[in-house]
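Engineer: Among the features that TrEMBL reports, signal peptide is placed at A:1-19. The annotation transmembrane segment is assigned in TrEMBL to A:31-49, A:104-122, A:149-169, A:181-200, A:212-232, A:279-301, A:313-339, A:370-398, A:419-438, A:444-468, A:475-499, A:511-532.
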């Protein structure tokens with residue numbers, strides 16, 4: 001298979017934080033000292049913040065939600081930091097570098113979930129929840145079944161997302177810093193443990209904010225420098241990119257007509273979407289999955305009230321949208337400045353692998369120093385994402401499983417804190433081990449699987465429990481599990497796993513994403529099971545709706561900013 | 001944390017009207033977002049040529065303002081929701097709650 005096809009294939013199933021984009025041809029580079037110095041500066045700063053945060057992390061509330069005192073603006077930046085990954089930066093710009101327009105289709109998929117999250121859930125989440133989204137999902141239900149579902153689903157989603165991140169981190173760091181894969185994974189795992197273990201949500205939030213600011217300013221600088229070369233005219237930039245692609249095709253031996261058509265093809269959607277079902281299904285998974293990702297949902301409890309929750313989504317959407325527009329310009333900038341410079345090429349391919357487009361562009365624009373900065377940003381980006389993921393999984397274990405299901409709500413704050421720290425250690429160790437175990441595996445499907453699971457399990461359960469008075473404990477717990485399992489089984493049967501990983505010839509489920517079937521399956525199962533549920537508990541569940549609605553709508557009784 | 005307001009609030013038609021308006025507004029915006037995105041994906045799936053059409057005599061295709069426009073539309077809808085929630089719904093809610101507390 002040729003390398004470009006491989007990248008495109010990998011991207012097909014990739015999602016914002018996918019490792020897919022980062023694998024393939026990751027050769028080790030010579031050690032980049034500027035990048036390492038910049039990265040050390042970032043690590044020193046964040047560890048210093050972690051130390052300060054640690055002195056203020058005494059209660060469970062500090063650990064899970066930074067005491068609930070993060071402002072809407074800060075939280076918006078941190079959400080953007082949680083969501084914008086190294087792979088969306090490197091992977092999307094690389095796809096634009098290769099095929100032009102198609103990269104933009106991803107970007108739109110990743111943004112449209114945010115408004116939906118705001119319109120249907122944000123304020124209610126903040127008013128009902130305390131530490132985890134399970135607080136909201138199980139608000140009026142019997143605690144053990146719904147909490148167990150939510151915790152299991154959180155662990156599953158986080159696990160797949162985390163493996164993809166760890167493998168991606170190893171590949172990327174090998175590529176950028178010239179460090180061996182194993183070291184890279186261990187460094188990421190240890191740093192992430194340090195942030196979460198000692199600094200909890202406060203340190204994690206700051207790591208995410210700093211990373212978001214670094215990524216946004218680095219990307220802004222690149223986009224502005226690219227546009228400046230074309231008198232700030234996008235049309236001039238696009239025209240030059242079309243010329244470059246036409247010349248490349250001519251040099252490749254194409255007839256003038258064919259070459260011109262090839263050049264112009266970067267301005268239009270290409271082969272990214274093959275069949276409408278896959279396209280819509282993939283879009284649904286991205287859109288609704290965003291509103292079901294546990295580490296994103298958890299960020300709603302770090303702000304003082306519903307108004308701040310609203311504001312944080314507006315900021316997050318704005319920054320993420322702005323970032324994707326920058327990525328688009330960066331990708332075209334790479335066509336113009338990187339594809340024409342033999343220093344960055346190895347024959348016809350990019351030196352260092354297909355995902356190096358943005359990295360080479362950084363060098364073309366700002367020399368070694370800026371290359372170092374962008375490499376450090378990419379590393380920081382992965383750290384911020386894994387820290388957020390680990391924190392949400394640790395909270396699911398300590399708050400949902402230990403404190404609520406096992407201790408029946410009688411655990412004290414110190415105990416709960418101890419359990420979440422032990423979980424963080426275990427998860428950190430597990431992440432390192434899995435990262436190393438999956439080094440040579442194709443993990444491209446894992447992030448899109450995480451999104452599909454979140455869209456088919458968490459999202460329907462949250463929507464039904466928040467908006468439908470007839471939803472019952474059984475409906476939520478069993479129905480949610482059915483949605484989750486449908487998404488999981490269909491993904492296993494899809495080409496990404498059945499053919500690419502397991503090596504069978506034809507996949508029983510031909511589409512690239514299960515969401516178009518599994519999301520309705522989740523909703524339908526919750527509805528049907530609730531409908532036929534005549535247990536005594538069902539009556540209690542339904543009777544609890546007015547009180548839940550009152551609190552969700554007015555915020556009366558919502559947990560306060562801080563309990564100390 | 002029982003609030004004495006809770007009991008009387010449910011009986012208040014202004015409260016019921018506020019919840020209905022707010023939910024209708026939220027669903028309307030959700031449907032707009034959903035439709036815009038599905039329309040865009042549908043266009044790519046069924047009629048790629050439409051998006052490939054150049055605009056303004058240059059090489060820039062219709063797909064570019066469409067895609068960037070979708071991103072901006074998402075931000076604008078979000079901003080509109082926050083603006084309206086702050087200006088209209090929060091104020092109405094505060095008035096209703098104040099009336100019940102006095």
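Note that Cβ sites are derived from N, Cα and C of the backbone, with glycine treated the same way.
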Engineer: Please indicate, using numbers and ranges, the residues of the same chain that are 6 or more beyond the transmembrane segment (A:370-398) and have a C-beta under 8 Å from a C-beta there.
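Structural biologist: Long-range Cβ neighbours of the transmembrane segment (A:370-398): 17, 32-39, 41-42, 46, 60, 64, 81-82, 84-86, 89-90, 131-132, 134, 150-151, 154-155, 158-159, 161-162, 165-166, 168-169, 172-173, 176-177, 188, 191-193, 195-196, 200-201, 203-204, 207-208, 210-212, 214-215, 218, 221-222, 294-295, 298-299, 358-359, 362-363, 416-417, 419-421, 423-424, 427-428, 431.
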Engineer: Does the transmembrane segment (A:419-438) reach the transmembrane segment (A:149-169), going by 3 or more CB pairs under 8 Å (6 or more apart in sequence)?
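Structural biologist: Stretch pair touches.
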Engineer: Other than its close neighbours in sequence, what residues sit by the transmembrane segment (A:181-200), given a CB gap under 8 Å and a spacing of at least six beyond its ends?
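Structural biologist: Contacts with the transmembrane segment (A:181-200): 43, 46-47, 49-51, 53-54, 57, 62-64, 66, 166, 169-174, 206-207, 382-383, 386-387, 390-391, 394, 421, 424-425, 428-429, 431-432, 435-436, 439.
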Engineer: So which of A:31-49, A:279-301, A:313-339, A:511-532 has the most C-beta pairs under 8 Å when paired with the transmembrane segment (A:149-169)?
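Structural biologist: Answer is A:279-301, with the largest number of Cβ pairs below 8 Å.
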Engineer: Cβ under 8 Å, sequence separation of at least 6 from the ends of the transmembrane segment (A:212-232): give me the contacting residues as numbers and ranges.
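Structural biologist: Apart from its flanks, the transmembrane segment (A:212-232) reaches 42, 77-78, 80-81, 84, 89, 240, 319, 322-323, 326-327, 329-330, 332-333, 336-337, 358, 361-362, 365-366, 370, 373-374, 376-377, 380-381, 384.
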Engineer: Short question: most Cβ pairs under 8 Å with the transmembrane segment (A:279-301), which of A:313-339, A:444-468, A:475-499, A:511-532?
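Structural biologist: Ranked by Cβ pairs under 8 Å, first place goes to A:444-468.
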Engineer: I'd like to know if the transmembrane segment (A:475-499) touches the transmembrane segment (A:444-468) in this structure, counting it as a touch only when three or more C-beta pairs sit under 8 Å and are separated by 6 or more positions.
Structural biologist: yes
Engineer: For the transmembrane segment (A:475-499), what are the same-chain contacts with Cβ under 8 Å, counting residues 6+ beyond its ends?
Structural biologist: 13, 137-138, 141, 145-146, 148-150, 153, 156, 444-445, 448-449, 452-453, 455-458, 460-461, 464-465, 505-515, 517-519, 521-531, 533
